Every structure is written in structure tokens, then in C-alpha cells.
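Over in TrEMBL, the protein carries these features:
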{"type": "REPEAT", "residues": "74-126", "note": "repeat 'RCC1'"}
{"type": "REGION", "residues": "157-204", "note": "region 'Disordered'"}
{"type": "COMPBIAS", "residues": "159-168", "note": "compositional bias 'Polar residues'"}
{"type": "COMPBIAS", "residues": "186-196", "note": "compositional bias 'Basic and acidic residues'"}
{"type": "DOMAIN", "residues": "215-482", "note": "domain 'RCC1-like'"}
{"type": "REPEAT", "residues": "249-328", "note": "repeat 'RCC1'"}
{"type": "REPEAT", "residues": "329-380", "note": "repeat 'RCC1'"}
{"type": "REPEAT", "residues": "381-436", "note": "repeat 'RCC1'"}
{"type": "REPEAT", "residues": "437-487", "note": "repeat 'RCC1'"}
Amino acid sequence: MNGGEGINDMEVNENKEKKCEVLMWGYLPGVSPLQSSLTSPVSVRFPESEVDGDSWKDVCGGGCGFGLAISASGKLITWGSADDQGQSYLTSGKHEETPEPYPLPTNDPILKAAAGWAHCVTVTGKGEVYTWGWKECVPSGKITCSWTSMKTFEKNRSAKQSSTLTEQGSPRSQGSKSSVGSLSCSDDKSVEDESIKRRKVSTRQEYEISMPADETLSAPPCLVMLDPLVKITSVAAGGRHTLALSDVGQVWGWGYGGDGQLGLGTRIKTVASPHLIPCIDPSSCRKDKPDMVHQESVSAGALSHNSVGNYIKGIACGARHSLVITDAGVLVAFGWGLYGQCGQGNREDMLRPSCVSSLSGTQIEAVAAGLWHTICICTDGRVYALGGNQFGQLGLGTNSDQCEFIPRLLDASVLENKNAKVVSCGARHSVILTDDGKIYSWGWNKYGQLGLGDTIDRNIPSQVPVDNFVPKNIACGWWHTLSLCETVS
């Protein structure tokens, strides 16, 4: 559910002489025999089954109770789940303590990845998208493997590896013989508006109750069918919906849309195929129209900082709302608005993309979203927060049921003279990375997801101790946090 990778990525130093590590903290139940939480950063062991010379390249957060990362060779690595985690356990590849490559049905390197509660989505070097997990999150497309074939392939790979490796391991493999078919998904009619009380209760139940894993409820990895000319560069995953950003700045969406999170102007429950989302609409940003009176000329590639923009440069998903950033730095939101997380000054759901007009004149560089809140970073490194603040996830020094319906500037003393560059959100916690390589976290901390050595909630940013490491990127899962770091020699 963490923000879209196209927004939150920090440039990773590719200097071969520097070794990269992945640190994890929070709720990853499969890592510990007793399923205890990790309250402080701990190194993630790189898969022993991989060839020498491979290493960590990036972190992608993960879903409920499992982590996602990418290796330098382009493998998607998963770990951390446990067999009582229901659909999340199945979606993670049933990889527990030992990180292993997820058996995707492609040999193309994975460049980006994201996860919702129990679905995953990846982007290959060819700009293709593969997704799997909860069926309502997976669009009709080309099924390139099945759960049965994945089990067989992993079993064969494990047997082959065990006969050649001296150390015990559980190597996994890529999918084998392909089968082609289509998923049957249907569009449901619009639903009536729920009451505020019912919406609150349903959300807590939806994202906090685990069920036994059931393969009939999940779809195996599927190639998302897009026009051959569409090349995807990044993806973002919400609770049950997905956004994909193309190389020409267009946004595609699919999955659950009952709260408007797919920006199609309706409450259609299931969008079974990728739809183009009309993210840039000047009529939705009337207050942000540029004043051209005093400008003699404007080049084709130059835009006033008050204009809406020409294309989308970044995407992010909350549980049931979505955010995009235009090339002009304008923040656009749509979807569930009960807690003010769309920044429109009210609790209304936004069925169509709408500019956050209160940030007019402020250029947004990065954004991320959680279950009920949104955090964004300006080009000058300042941090704004909006939405629900029940656990202090806005970082404003308070935590209460009072929501922030328009963005509030974080003025915490610990961030004085600091410039935030990367932001990521879990369900109810927030994390930023500053340009001097410091990590700060705040919000809900029941599982140690703040990385501060305890389980005490924080309502102001606190620095995460990562001695002997230089953080290069951060990414949150629902109840955990990952960081890609360089080791200090």
C-alpha cells in the first residue's frame, strides 16, 4: 500500500564497491519462530539459492505481513509471511523466514513492484505488468501459470537444488509450462452511499481480520493486457485496486472502485480490465489556472507552477484512495474521503480526479498514502500531512479522532533544516528519508513498525537508528518497514 515506486524512489548508487543491505522492522511473522515483532532494524539475508555476484537493488514494501524487494539481477524476492496469514501467505509465495525469488512466469528482469493487502503487481524491463493475488484485484488477462504448476515447479527446483547444495535451503524457481485463459470478472452496479459509521466499521473488519488461505479466491500471476504501445514504468497498489503509470505519463487503473479510487466518475465495484484514468482536467483545478497576462511567451516544455500540467509523473495508492502528481507539481486525489485524506476540505468521496487546491502554488515532488491518511513532500523538502490522525500518523504532535481535511505542514523541531526526499506509508504509520540519509518515522507502532526499539506510538517524527548503514530508499508494508542501505566500511 506504500506509495507508488515512481514517486518514492531515491536514486540508488550503483557503485559496485559499495555493498547494499536490506533492513526490516515491524510485523513479518514468518521471520520469527514465535511470530514476534521486530522493533528495531534487522538485516534481511539475501537468498542463498541465487548465483554469486547478485545483490539487493531496491525495496518495494510488501503487503500484510510479507516483504518485497528486487535483486540486482531483476528477481522479485519475497519473505516474512506465515501460514496463518490467509491470502497474504498465498500471495507472498508462502515464503517465510528465508527470502526466496517469487516464481514469476517471465525471464524478464523486474524493475518495480508493489503490494496491497493480498495482491502484488510488478513491472518488467519491457514495460509489461504481471499481477496476482485476490481475484478482484487481478484484471482479465493472459494467465501464464496456475497455482498447481507453481507448486510443481518449486518442488522440482527445490529437489534439484538440494542435490547440489551442501547447505540446506529452499530454492524456488520460475513458472514452467504456460497455459492461456482468461479470468471471469463482472462489473457490479453502483452502490448507495454508506453511512459514516458503517464505513468506519467495514474498513476495520476488511483490513484486520485474517482468513484461511483459499486458492479459489486468488489468481496466479497474470500478464495484464494493455495496448502493445503502452509501456508501464511504475505501479502502485491499494487495498484492492491498482494504478499503473506509463512512459508517456498516462495512468491506468483496475480492481475495486466502489469508493471512486479508480477515478472513473462512478462507484462501479469491479473494473475487470485496465482503464485509462482522466487525471488531468483543468475544470477540476479552476483555482490553479495559470495567469498568462504578464507572460510574454512560454516555451512548449515550460509550465507555470500554478498550471495543472501536461502529464502524470508519479502515483500512489492508499487503502481506498489514490493520488497522482502532475509534471507541474500539482497534487490530484480521488477515492475514499471519509477522513479528509483527499484534501478537499470535507469527508466526501471523490469519484473523479480533483486537484488539492489548498496546495496551489506549492510544487509536490512525492506522495504516499496509508489506510486513512496522506503524506506529501514539496520540491523544497517540506512535508505536508492530511487525513485521519487516530494514532499520530500525521506527525503533528497530536493523535485524536479529529481529522485534517486540508494539508498541514509538519513543523517538528527534529525536521528543522532537514529536506525530505522519499516518503512511504504503512496502514497507520509514516516514514520519510531525508537528503542527508536519515530516516524518521511516526504513527502507529503496535508491531514495532517505527523501528524505534519499542511498541509505543509516536505523534511526531523520530529518527530511526541505523548505525553503520547509509539509507538509500525506504518502503512500507501494511505493518512493517524496509530500507535499502549501503554499508559503512
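Placed from the backbone N, Cα and C atoms, the Cβ positions cover glycine too.
Not measured: the values here are computed from a predicted model.
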*the repeat 'RCC1' (437-487) - residue tally per DSSP class, helix then strand then coil*: 0 helix, 27 strand, 24 coil
*Determine how many residues of the repeat 'RCC1' (74-126) DSSP places in helix, in strand and in coil.*
5 helix, 18 strand, 30 coil
*Looking only at the repeat 'RCC1' (329-380), what are its DSSP counts of helix, strand and coil residues?*
3 helix, 23 strand, 26 coil
*Over the span of the repeat 'RCC1' (381-436), count residues by DSSP class, listing helix, strand and coil in order.*
3 helix, 29 strand, 24 coil
